[in-house]
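Just below is one structure, and these are the notes that go with it.
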Amino acid sequence: MTKKLKILSVISTICMIPLLLGGALVTKTGSADGCGNSWPLCEGQFLPTKISFEMFIELSHRGVTGVVGILIVYLTYLVWKELRHNKEVVFLAFSALSLMILQALIGAAAVVWGQSDFALATHFGISLVCFAAVFLLMLQLFEIDKKLHTEDIHINKTHRIEIYAISFYTMCVVYSGALVRHTDSNLACRDWPLCVNNSSFGISDYNFYQWVQMGHRLAAGILFIWTVILTIRMVKHYKNSKVFYWSWLITLGLITLQVLFGALIIFTSLNLAIALFHALFITCYFGMLSFFMHLSFRAKRREKYSNQS
């Protein structure tokens, strides 16, 4: 049964990727109203006879959401049936299920009643946390037989706090990026890294969309520098742990690609493939940070038990 759970968790994690990218695609292509204000039906029909491009994108996103939802429900059921004694696994499974339901309801509410750009930006953030929960559940299932060799990693208190802080800050950066999409501020600034490279900052002349765009760039730049500094420190301090060592190097690579593809969005005038890769890299990056948070929680718990004994 453990093997079945592992396979199902891998499939669920992989399927979360097109779910997240599908949501970004809906926004990028302006397909949010592809089915009108009808949900779960499309234009009041199960399968409309005339399907436009926008309708196809929206229907595909709903279909993927439904499939992933069924996978997570089944995975949660099996976890409860077979591993209810493992509190970490049960918590992650029910967290993933709850977040999946929440993000689906927010998506449905956006279709039926409409939502502000700020509320819609939250939709992607919740989906990202849901992905992190499924990803961690998969890792936890593989850790049952100690194949990842993470049980002996001790993360000191200072580094744990830094991991929590950068993870929380990443969510803020993700929210600002989602706000860029939902307010159509992607090309509010035609240059990079400044809004207009051949002039002074001129921030007093920025309109709302330029403030949103440049605010996101500033936040992303800080995140990149922070990740570089933290990676150097973690690699030096935990070089004896191969999993931790390589995980941080992968994380640094992901944030580097994230910044690169963010710039390419401007240079290619919002090329769709580039924009989707931009969403993919931040998803994987946050997944890695979630892994570090998981290890930090575990290290704190071991430290607490050690002090008590």
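Heads up, the Cβ atoms here are built off N, Cα and C, so glycines get one too.
Relative to the membrane, LEU5 and GLU88 are listed by Swiss-Prot as lying on one and the same side. CYS42 (disulfide bond) has its Cα within 10 Å of the Cα of these recorded positions: GLU58, taken from GLU58, HIS123, CYS189. Cα of CYS35 (disulfide bond) to Cα of CYS195 (disulfide bond): a span of 36 Å.
Sequence-distant contacts of the topological domain 'Extracellular' (28-62), counting only residues of its own chain at least 6 positions beyond either end whose CB sits under 8 Å from a CB of the stretch, comprise 19, 22, 108, 110-114, 181, 270, 272, 275-276. Note on proximity: among CYS189, CYS195, HIS216, HIS278, the recorded positions of the record, the Cα nearest HIS61 (heme o binding site) is that of HIS278. Helix, strand and coil content of the topological domain 'Cytoplasmic' (233-247), in residues and according to DSSP, is 11 helix, 0 strand, 4 coil. Using CA atoms as reference points, the recorded positions GLU58, HIS123, HIS278 were checked against CYS195 (disulfide bond), and the closest is HIS278.
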